[in-house]
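Below you'll find the structure, written out as C-alpha coordinates, and then a few comments.
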(Lines of atoms letter the chains of each structure in order from A and count residues from 1; the text may use other names and numbers.)
(Lines give C-alpha, C1' and ligand atoms only; values in the text may rest on other atoms or scores of the structure.)
Protein backbone atom coordinates (compact mmCIF):
# COMPACT_ATOMS: atom_id res chain seq x y z
CA UNK A 1 0.00 0.00 0.00
CA UNK A 2 2.80 2.40 -0.89
CA UNK A 3 0.31 4.64 -2.68
CA UNK A 4 -1.32 5.81 0.56
CA UNK A 5 -1.94 9.56 0.40
CA UNK A 6 -3.91 10.40 3.55
CA UNK A 7 -4.94 8.24 6.53
CA UNK A 8 -7.47 8.79 9.31
CA UNK A 9 -6.07 7.40 12.56
CA UNK A 10 -8.22 6.52 15.57
CA UNK A 11 -6.04 8.41 18.04
CA UNK A 12 -6.20 8.41 21.84
CA UNK A 13 -2.96 10.24 22.55
CA UNK A 14 -1.63 7.27 24.53
CA UNK A 15 1.49 5.22 23.98
CA UNK A 16 0.25 2.89 21.25
CA UNK A 17 -1.46 5.40 18.99
CA UNK A 18 1.25 8.03 19.46
CA UNK A 19 3.84 5.53 18.29
CA UNK A 20 1.52 4.54 15.44
CA UNK A 21 1.16 8.15 14.36
CA UNK A 22 4.91 8.60 14.08
CA UNK A 23 5.34 5.19 12.46
CA UNK A 24 2.72 6.02 9.81
CA UNK A 25 4.52 9.24 8.99
CA UNK A 26 7.88 7.49 8.70
CA UNK A 27 6.69 4.33 6.94
CA UNK A 28 4.13 5.69 4.51
CA UNK A 29 5.09 9.36 4.31
CA UNK A 30 1.40 10.17 4.12
CA UNK A 31 -0.69 12.98 5.52
CA UNK A 32 -2.34 12.03 8.82
CA UNK A 33 -5.77 12.98 10.14
CA UNK A 34 -6.34 12.20 13.83
CA UNK A 35 -9.71 11.33 15.29
CA UNK A 36 -10.30 11.22 19.04
CA UNK A 37 -13.72 10.16 20.32
CA UNK A 38 -15.37 11.38 23.50
CA UNK A 39 -17.51 8.52 24.78
CA UNK A 40 -17.80 9.91 28.29
CA UNK A 41 -14.69 8.06 29.41
CA UNK A 42 -13.94 10.77 31.95
CA UNK A 43 -10.56 11.77 30.53
CA UNK A 44 -9.38 15.15 29.33
CA UNK A 45 -9.09 14.84 25.55
CA UNK A 46 -7.49 18.16 24.66
CA UNK A 47 -3.98 16.78 25.36
CA UNK A 48 -4.54 14.55 22.33
CA UNK A 49 -4.85 17.70 20.24
CA UNK A 50 -1.62 19.12 21.67
CA UNK A 51 0.23 15.87 20.97
CA UNK A 52 -1.08 15.72 17.42
CA UNK A 53 0.13 19.27 16.82
CA UNK A 54 3.58 18.27 18.10
CA UNK A 55 3.66 15.63 15.38
CA UNK A 56 3.02 18.31 12.79
CA UNK A 57 -0.62 17.44 12.20
CA UNK A 58 -2.49 20.34 10.64
CA UNK A 59 -5.10 21.88 12.97
CA UNK A 60 -7.83 21.23 10.40
CA UNK A 61 -6.84 17.54 10.40
CA UNK A 62 -7.42 17.09 14.14
CA UNK A 63 -10.90 15.88 15.07
CA UNK A 64 -12.05 15.56 18.69
CA UNK A 65 -15.72 14.64 18.61
CA UNK A 66 -18.27 14.33 21.41
CA UNK A 67 -20.13 11.14 20.53
CA UNK A 68 -21.80 10.55 23.91
CA UNK A 69 -25.37 11.25 22.80
CA UNK A 70 -25.13 9.30 19.55
CA UNK A 71 -23.40 6.42 21.32
CA UNK A 72 -26.09 5.88 23.91
CA UNK A 73 -29.10 6.78 21.74
CA UNK A 74 -28.19 4.87 18.57
CA UNK A 75 -26.03 2.02 19.86
CA UNK A 76 -26.43 1.30 23.58
CA UNK A 77 -30.20 1.69 23.83
CA UNK A 78 -30.98 -0.38 20.69
CA UNK A 79 -28.74 -3.11 22.09
CA UNK A 80 -30.51 -3.05 25.46
CA UNK A 81 -33.92 -3.39 23.79
CA UNK A 82 -32.79 -6.97 23.12
CA UNK A 83 -31.61 -7.55 26.73
CA UNK A 84 -28.25 -8.34 25.20
CA UNK A 85 -25.68 -10.36 27.14
CA UNK A 86 -22.69 -12.22 25.69
CA UNK A 87 -21.97 -15.65 27.18
CA UNK A 88 -24.43 -15.10 29.99
CA UNK A 89 -22.66 -12.17 31.67
CA UNK A 90 -20.91 -9.60 29.48
CA UNK A 91 -22.90 -6.46 28.63
CA UNK A 92 -20.70 -5.67 25.60
CA UNK A 93 -19.43 -2.28 26.73
CA UNK A 94 -16.35 -2.36 24.51
CA UNK A 95 -17.95 -4.16 21.58
CA UNK A 96 -20.78 -1.68 21.11
CA UNK A 97 -18.46 1.35 20.92
CA UNK A 98 -16.38 0.04 18.01
CA UNK A 99 -18.96 0.36 15.21
CA UNK A 100 -19.46 4.04 16.03
CA UNK A 101 -15.72 4.70 15.95
CA UNK A 102 -15.53 2.98 12.56
CA UNK A 103 -18.51 4.97 11.31
CA UNK A 104 -17.01 8.28 12.35
CA UNK A 105 -13.60 7.42 10.88
CA UNK A 106 -15.22 6.72 7.52
CA UNK A 107 -17.20 9.96 7.72
CA UNK A 108 -13.99 11.90 8.42
CA UNK A 109 -12.22 10.10 5.58
CA UNK A 110 -14.93 11.24 3.19
CA UNK A 111 -14.85 14.76 4.60
CA UNK A 112 -11.08 15.13 4.31
CA UNK A 113 -10.54 13.12 1.15
CA UNK A 114 -8.52 10.43 2.93
CA UNK A 115 -8.00 7.16 1.09
CA UNK A 116 -7.22 5.03 4.15
CA UNK A 117 -7.94 4.51 7.84
CA UNK A 118 -5.84 3.09 10.66
CA UNK A 119 -6.37 1.83 14.21
CA UNK A 120 -4.29 0.73 17.18
CA UNK A 121 -5.86 -2.67 17.85
CA UNK A 122 -3.46 -5.59 18.10
CA UNK A 123 -3.49 -8.73 15.99
CA UNK A 124 -4.61 -10.84 18.95
CA UNK A 125 -7.82 -9.11 19.91
CA UNK A 126 -11.40 -8.68 18.78
CA UNK A 127 -11.18 -4.95 18.13
CA UNK A 128 -9.22 -5.33 14.90
CA UNK A 129 -12.12 -7.38 13.55
CA UNK A 130 -14.76 -4.96 14.80
CA UNK A 131 -13.07 -1.90 13.34
CA UNK A 132 -12.26 -3.41 9.98
CA UNK A 133 -15.61 -5.10 9.41
CA UNK A 134 -17.15 -1.69 10.04
CA UNK A 135 -14.77 0.06 7.65
CA UNK A 136 -15.46 -2.33 4.80
CA UNK A 137 -19.21 -2.43 5.40
CA UNK A 138 -19.46 1.36 5.21
CA UNK A 139 -16.78 2.05 2.57
CA UNK A 140 -15.96 -1.11 0.55
CA UNK A 141 -12.96 0.39 -1.22
CA UNK A 142 -11.23 1.89 1.81
CA UNK A 143 -7.59 0.99 2.50
CA UNK A 144 -6.81 -0.15 6.03
CA UNK A 145 -3.41 0.17 7.72
CA UNK A 146 -2.87 -2.04 10.77
CA UNK A 147 0.58 -1.35 12.26
CA UNK A 148 0.41 -4.21 14.76
CA UNK A 149 0.26 -6.63 11.84
CA UNK A 150 3.17 -4.97 10.02
CA UNK A 151 5.83 -3.76 12.45
CA UNK A 152 8.17 -5.54 14.85
CA UNK A 153 7.29 -3.48 17.94
CA UNK A 154 5.57 -6.43 19.58
CA UNK A 155 6.16 -5.62 23.26
CA UNK A 156 5.58 -2.73 25.62
CA UNK A 157 9.34 -2.37 26.04
CA UNK A 158 9.91 -2.01 22.29
CA UNK A 159 7.14 0.55 22.06
CA UNK A 160 8.68 2.57 24.86
CA UNK A 161 12.12 2.37 23.23
CA UNK A 162 10.65 3.60 19.94
CA UNK A 163 8.87 6.42 21.75
CA UNK A 164 12.05 7.46 23.54
CA UNK A 165 14.08 7.34 20.34
CA UNK A 166 11.64 9.61 18.54
CA UNK A 167 10.92 11.95 21.44
CA UNK A 168 7.29 10.93 21.72
CA UNK A 169 5.72 12.39 24.89
CA UNK A 170 4.02 9.43 26.53
CA UNK A 171 3.14 9.30 30.23
CA UNK A 172 3.59 5.99 32.01
CA UNK A 173 0.58 6.40 34.23
CA UNK A 174 1.15 3.32 36.37
CA UNK A 175 4.53 4.71 37.45
CA UNK A 176 2.82 7.89 38.55
CA UNK A 177 0.21 6.30 40.79
CA UNK A 178 -2.30 5.52 38.04
CA UNK A 179 -3.62 2.16 36.85
CA UNK A 180 -1.20 -0.52 35.60
CA UNK A 181 -4.01 -2.19 33.63
CA UNK A 182 -5.01 -1.88 30.02
CA UNK A 183 -8.31 -0.05 30.34
CA UNK A 184 -11.13 0.94 28.02
CA UNK A 185 -13.87 3.25 29.24
CA UNK A 186 -17.05 4.78 27.88
CA UNK A 187 -20.44 5.72 29.27
CA UNK A 188 -21.52 2.08 29.40
CA UNK A 189 -18.55 0.52 31.16
CA UNK A 190 -14.89 0.43 32.07
CA UNK A 191 -12.78 -2.66 31.41
CA UNK A 192 -9.50 -3.89 32.86
CA UNK A 193 -7.10 -6.35 31.24
CA UNK A 194 -3.45 -7.34 31.47
CA UNK A 195 -0.91 -7.67 34.28
CA UNK A 196 -1.87 -10.26 36.89
CA UNK A 197 -5.38 -10.53 35.41
CA UNK A 198 -3.82 -12.66 32.68
CA UNK A 199 -3.71 -15.42 35.30
CA UNK A 200 -7.35 -16.55 35.67
CA UNK A 201 -6.49 -17.98 39.10
CA UNK A 202 -5.47 -14.57 40.47
CA UNK A 203 -8.07 -12.47 42.24
CA UNK A 204 -8.55 -8.91 41.06
CA UNK A 205 -7.26 -6.34 43.52
CA UNK A 206 -9.84 -4.15 45.22
CA UNK A 207 -7.80 -1.07 44.33
CA UNK A 208 -8.37 -1.79 40.63
CA UNK A 209 -12.08 -0.89 40.62
CA UNK A 210 -12.74 2.76 39.80
CA UNK A 211 -16.48 3.24 39.32
CA UNK A 212 -17.97 1.11 42.09
CA UNK A 213 -17.47 0.77 45.81
CA UNK A 214 -17.00 -2.70 47.21
CA UNK A 215 -20.46 -4.20 47.82
CA UNK A 216 -19.39 -4.89 51.40
CA UNK A 217 -18.74 -1.17 51.89
CA UNK A 218 -21.87 0.02 50.10
CA UNK A 219 -24.58 1.79 52.15
CA UNK A 220 -26.31 -0.37 54.74
CA UNK A 221 -29.72 0.96 53.67
CA UNK A 222 -31.20 0.07 50.26
CA UNK A 223 -32.13 2.76 47.75
CA UNK A 224 -35.37 2.63 45.79
CA UNK A 225 -35.43 4.17 42.31
CA UNK A 226 -37.97 4.39 39.49
CA UNK A 227 -37.14 4.15 35.79
CA UNK A 228 -39.69 5.10 33.15
CA UNK A 229 -39.64 3.48 29.70
CA UNK A 230 -41.12 4.58 26.39
CA UNK A 231 -40.98 2.21 23.41
CA UNK A 232 -38.38 0.11 25.22
CA UNK A 233 -35.97 2.94 26.02
CA UNK A 234 -35.48 4.55 29.46
CA UNK A 235 -36.49 8.21 29.52
CA UNK A 236 -36.66 9.21 33.19
CA UNK A 237 -35.31 8.39 36.64
CA UNK A 238 -37.48 9.14 39.68
CA UNK A 239 -39.77 11.25 37.52
CA UNK A 240 -37.00 13.41 36.06
CA UNK A 241 -36.49 13.24 32.30
CA UNK A 242 -32.95 12.88 30.95
CA UNK A 243 -31.25 12.79 27.59
CA UNK A 244 -30.01 9.26 26.85
CA UNK A 245 -26.35 9.85 27.71
CA UNK A 246 -27.26 11.83 30.84
CA UNK A 247 -29.59 9.06 32.00
CA UNK A 248 -26.91 6.40 31.67
CA UNK A 249 -24.39 8.61 33.47
CA UNK A 250 -26.84 9.10 36.34
CA UNK A 251 -27.48 5.35 36.61
CA UNK A 252 -23.70 4.83 36.68
CA UNK A 253 -23.44 7.27 39.57
CA UNK A 254 -26.27 5.67 41.53
CA UNK A 255 -25.20 2.11 40.82
CA UNK A 256 -21.57 2.81 41.62
CA UNK A 257 -22.51 3.99 45.11
CA UNK A 258 -24.16 0.62 45.76
CA UNK A 259 -21.39 -1.57 44.33
CA UNK A 260 -23.49 -2.69 41.37
CA UNK A 261 -22.15 -3.99 38.08
CA UNK A 262 -18.80 -5.65 38.80
CA UNK A 263 -17.86 -8.60 36.62
CA UNK A 264 -14.80 -10.86 36.47
CA UNK A 265 -15.07 -12.87 33.26
CA UNK A 266 -13.16 -15.33 31.09
CA UNK A 267 -14.65 -14.92 27.62
CA UNK A 268 -14.22 -16.58 24.25
CA UNK A 269 -12.76 -14.15 21.74
CA UNK A 270 -13.84 -14.25 18.11
CA UNK A 271 -10.22 -14.79 17.08
CA UNK A 272 -10.15 -18.12 18.92
CA UNK A 273 -8.52 -17.62 22.31
CA UNK A 274 -9.91 -17.23 25.80
CA UNK A 275 -9.21 -13.97 27.61
CA UNK A 276 -9.87 -12.67 31.08
CA UNK A 277 -11.25 -9.22 31.73
CA UNK A 278 -12.86 -7.35 34.60
CA UNK A 279 -15.69 -4.94 33.95
CA UNK A 280 -17.73 -2.32 35.76
CA UNK A 281 -21.14 -1.63 34.23
CA UNK A 282 -23.28 -0.15 37.02
CA UNK A 283 -25.81 1.73 34.92
CA UNK A 284 -26.13 -1.02 32.35
CA UNK A 285 -26.72 -3.66 35.03
CA UNK A 286 -29.57 -1.61 36.48
CA UNK A 287 -30.97 -0.89 33.03
CA UNK A 288 -31.01 -4.54 31.99
CA UNK A 289 -32.91 -5.56 35.11
CA UNK A 290 -35.39 -2.71 34.70
CA UNK A 291 -36.00 -3.40 31.02
CA UNK A 292 -36.73 -7.06 31.63
CA UNK A 293 -39.05 -5.97 34.41
CA UNK A 294 -41.18 -3.74 32.19
CA UNK A 295 -41.15 -6.31 29.39
CA UNK A 296 -42.49 -8.94 31.80
CA UNK A 297 -45.90 -7.23 31.84
CA UNK A 298 -45.98 -5.72 28.33
CA UNK A 299 -44.69 -8.46 26.01
CA UNK A 300 -46.69 -11.40 24.76
CA UNK A 301 -45.29 -14.70 26.01
CA UNK A 302 -44.25 -16.07 22.63
CA UNK A 303 -42.73 -12.75 21.57
CA UNK A 304 -40.73 -12.63 24.81
CA UNK A 305 -39.54 -16.21 24.31
CA UNK A 306 -38.62 -15.48 20.69
CA UNK A 307 -36.54 -12.52 21.83
CA UNK A 308 -34.80 -14.72 24.39
CA UNK A 309 -34.07 -17.31 21.69
CA UNK A 310 -32.60 -14.71 19.32
CA UNK A 311 -30.65 -12.74 21.93
CA UNK A 312 -27.52 -14.95 22.03
CA UNK A 313 -27.21 -14.72 18.26
CA UNK A 314 -27.71 -10.95 18.36
CA UNK A 315 -25.11 -10.65 21.14
CA UNK A 316 -22.58 -12.67 19.16
CA UNK A 317 -23.09 -10.46 16.12
CA UNK A 318 -22.22 -7.39 18.17
CA UNK A 319 -19.33 -9.07 19.97
CA UNK A 320 -17.88 -10.27 16.67
CA UNK A 321 -18.09 -6.85 15.02
CA UNK A 322 -21.08 -7.44 12.77
CA UNK A 323 -23.14 -4.42 13.84
CA UNK A 324 -23.43 -3.26 10.22
CA UNK A 325 -24.22 -6.71 8.82
CA UNK A 326 -27.64 -7.29 7.19
CA UNK A 327 -28.56 -10.01 9.68
CA UNK A 328 -28.01 -7.65 12.65
CA UNK A 329 -30.08 -4.96 10.94
CA UNK A 330 -32.85 -7.48 10.26
CA UNK A 331 -32.85 -8.62 13.88
CA UNK A 332 -32.93 -5.00 15.03
CA UNK A 333 -36.06 -4.36 12.98
CA UNK A 334 -37.78 -7.28 14.68
CA UNK A 335 -36.56 -6.26 18.13
CA UNK A 336 -37.65 -2.65 17.69
CA UNK A 337 -41.09 -3.80 16.54
CA UNK A 338 -41.53 -5.73 19.79
CA UNK A 339 -40.86 -2.58 21.83
CA UNK A 340 -43.81 -0.50 20.65
CA UNK A 341 -45.86 -1.23 23.79
CA UNK A 342 -42.93 -1.50 26.22
CA UNK A 343 -43.96 1.56 28.18
CA UNK A 344 -44.29 2.10 31.91
CA UNK A 345 -42.46 2.49 35.19
CA UNK A 346 -40.30 -0.02 37.05
CA UNK A 347 -39.28 0.37 40.70
CA UNK A 348 -36.00 -1.21 41.76
CA UNK A 349 -34.19 -1.82 45.02
CA UNK A 350 -30.42 -1.30 45.00
CA UNK A 351 -28.53 -2.88 47.86
CA UNK A 352 -24.90 -3.95 48.29
CA UNK A 353 -24.22 -5.02 44.72
CA UNK A 354 -27.69 -6.35 43.92
CA UNK A 355 -30.58 -5.00 41.84
CA UNK A 356 -34.12 -6.25 42.39
CA UNK A 357 -37.35 -5.29 40.66
CA UNK A 358 -39.96 -4.61 43.32
CA UNK A 359 -42.83 -3.31 41.17
CA UNK A 360 -43.79 -2.60 37.59
CA UNK A 361 -46.73 -0.69 36.08
CA UNK A 362 -47.84 0.05 32.52
CA UNK A 363 -50.89 1.31 30.67
CA UNK A 364 -50.10 -1.48 28.18
CA UNK A 365 -49.93 -4.26 30.76
CA UNK A 366 -50.95 -7.76 29.72
CA UNK A 367 -51.21 -8.82 33.35
CA UNK A 368 -54.92 -9.34 34.15
CA UNK A 369 -55.39 -9.55 37.90
CA UNK A 370 -58.96 -10.80 37.48
CA UNK A 371 -57.66 -13.86 35.66
CA UNK A 372 -54.45 -14.41 37.66
CA UNK A 373 -56.05 -14.13 41.11
CA UNK A 374 -56.23 -17.08 43.52
CA UNK A 375 -59.57 -15.72 44.71
CA UNK A 376 -62.94 -16.03 42.97
CA UNK A 377 -62.43 -14.66 39.47
CA UNK A 378 -66.15 -14.38 38.70
CA UNK A 379 -65.90 -16.79 35.78
CA UNK A 380 -63.06 -14.97 34.01
CA UNK A 381 -61.15 -18.25 33.75
CA UNK A 382 -62.88 -21.62 33.44
CA UNK A 383 -60.58 -24.09 35.17
CA UNK A 384 -62.41 -27.01 33.58
CA UNK A 385 -60.93 -25.97 30.22
CA UNK A 386 -57.48 -26.93 31.49
CA UNK A 387 -58.29 -30.65 31.29
CA UNK A 388 -58.65 -30.72 27.52
CA UNK A 389 -55.62 -28.45 27.09
CA UNK A 390 -53.47 -30.81 29.13
CA UNK A 391 -54.72 -33.95 27.36
CA UNK A 392 -53.99 -32.51 23.93
CA UNK A 393 -50.48 -31.51 24.99
CA UNK A 394 -49.96 -34.97 26.49
CA UNK A 395 -51.16 -36.79 23.36
CA UNK A 396 -47.75 -37.30 21.73
CA UNK A 397 -46.25 -38.57 24.98
CA UNK A 398 -49.16 -40.97 25.53
CA UNK A 399 -48.73 -42.31 22.00
CA UNK A 400 -44.98 -42.75 22.52
CA UNK A 401 -45.43 -44.61 25.79
CA UNK A 402 -48.13 -46.86 24.32
CA UNK A 403 -45.82 -47.74 21.43
CA UNK A 404 -42.94 -48.45 23.85
CA UNK A 405 -45.08 -50.88 25.81
CA UNK A 406 -46.09 -52.72 22.64
CA UNK A 407 -42.43 -53.12 21.68
CA UNK A 408 -41.58 -54.37 25.16
CA UNK A 409 -44.13 -57.21 24.88
CA UNK A 410 -42.56 -58.58 21.69
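Placed from the backbone N, Cα and C atoms, the Cβ positions cover glycine too.
Just one of 37, 97, 109, 137 is listed by Swiss-Prot for the same ATP site as 10, 11, 12, 13, 14, 15, 16, 17, 18, 120, and that one is 37. According to Swiss-Prot, 90, 95, 126, 130, 182, 191, 267 bind L-citrulline; the candidate from 136, 279 that the record adds to this site is 279. For residue 122 (L-aspartate binding site), the same-chain residues that are 6 or more apart in sequence and have a Cβ closer than 8 Å to its Cβ are 128, 148. In this structure the C-alpha atoms belonging to residue 127 (L-aspartate binding site) and residue 95 (L-citrulline binding site) are separated by 8 Å.
Note on proximity: of the binding-site residues 95, 182, 191, 267, 279, the one nearest residue 14 (ATP binding site) is 182, by Cα distance. Each of 121, 124, 125, 128, 129, 130, 271 belongs to the same chain as 122, 126, 127, is absent from that list, and has a C-beta within 8 angstroms of the C-beta centroid marking the L-aspartate site. A gap of 12 Å separates the Cα atoms of residue 126 (L-citrulline binding site) and residue 120 (ATP binding site). Within 10 Å of its Cβ, the residue among the binding-site residues 90, 279 with the fewest other Cβ atoms is 90. Between the CA atoms of residue 95 (L-citrulline binding site) and residue 18 (ATP binding site) there is a gap of 23 Å, rounded to the nearest whole number.
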